[in-house]
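Taken from TrEMBL, the feature compositional bias 'Polar residues' applies to 134-163. As annotated by TrEMBL, domain 'CS' applies to 167-255. Under the heading domain 'SGS', TrEMBL lists 277-367. Summarising the annotation, TrEMBL assigns region 'Disordered' to 128-168. The annotation repeat 'TPR' is assigned in TrEMBL to 2-35, 36-69.
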Amino acid sequence: MATDLEMRAKEAFVDDNFDLAVDLYTQALDVDPKNADLYADRAQANIKLGGFTEAVADANKAIELDPSMTKAYLRKGTACIKLEEYQTAKAALEAGVLLAPGDSRFTKLIKECDERIAEEKISLSKKVMPNAPPTTMSLSSDTTIEDVNSSHPTHGPPNQTKETPNKPKFRHDYYNTPTEVVLTIFAKGIPAENVTVEFGEQTLSVTIDSLGEEYHFQRRLFAKIVPANCRYQVLSTKVEIRLSKAETITWTSLEYSGKAAPQKINTFLATKPQRPSYPSSKSKVDWDKLEAEVKKEEKDEKLDGDAALNKFFQDIYKDADEDTRRAMSKSFVESNGTVLSTNWREVGLKKVEGSAPDGMEIKKWEY
């Protein structure tokens, strides 16, 4: 049945009926959810519809299922370029060109990424970066609980989301600091290994496996972030995600709205003299002190087991150079999580095979 749906989806795509193609690919994935080709082909249909965020999610899933699938890297790179995430696009395209060295499509798009990245650097160098003001936490609450499932993409502007029924739902909230946006997803009692977080230049993808059902939180963010400086932590009652801002601006929402970004924080306004306070004046919250206390609690919190191991690997990745990060990502994906190498010269030349612990063996399961 999945094969018949796939053939009909391909026919719809050729006929430029991309909405129908996406719908048929989705039905086929319901029957065969481990088919990497279906995810890669649905990514292409989503690109045609302008659903670039959904296309990236589909391409990521295809790469997860089949790290050697060339077209998945190409479609992820294409979608990321459309989202103006040139660094992420370049990383995907460079991984793909290693699998297909003679494919000129990769080299052409990599060249385009290099040009765009250079333009961004020139543009940023012309801007005057103000000093960050004292920490001010701007609390904002998202009262609508949205559960975005990549198996049901939104046909419309890439920043829109769609709620899928009969799936786990968790409340989320966020607040601003001058350098970060702190997002909290209130998922209680979730093991750390059941949480996957992917940071793009302006996208965030969170997957939580709750009792066999997946919760997807996928957004095109309000502004660009620095993926290498972003981090997350799985606690007993929540998942806390810290998004490092690329620019010191206040996010008025969590999601990209298409409107012009607000001006950078003006330090002159932040440092203007305050009115004298009198004994009868209402006391104000010392946000600097509060943030320092929170950071101290986080630092003092002792992790063990998988949480400690995850933090150890995150610290290595955070402080590593670009080649080391590429080596870690490629070896981890290709070995299905059994090998983590930091030697790009060795990893970049061949596919990384899985390595089972002593006393165990790797088995390939048939679905």
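Just so you know, glycine gets a Cβ as well, placed from its N, Cα and C.
Just so you know, TrEMBL annotations are computer predictions that nobody has curated.
Per-residue confidence over the domain 'CS' (167-255) averages out at a pLDDT of 87. Residue counts for the domain 'CS' (167-255) under DSSP, split into helix (H, G, I), strand (E, B) and coil, are 6 helix, 46 strand, 37 coil.
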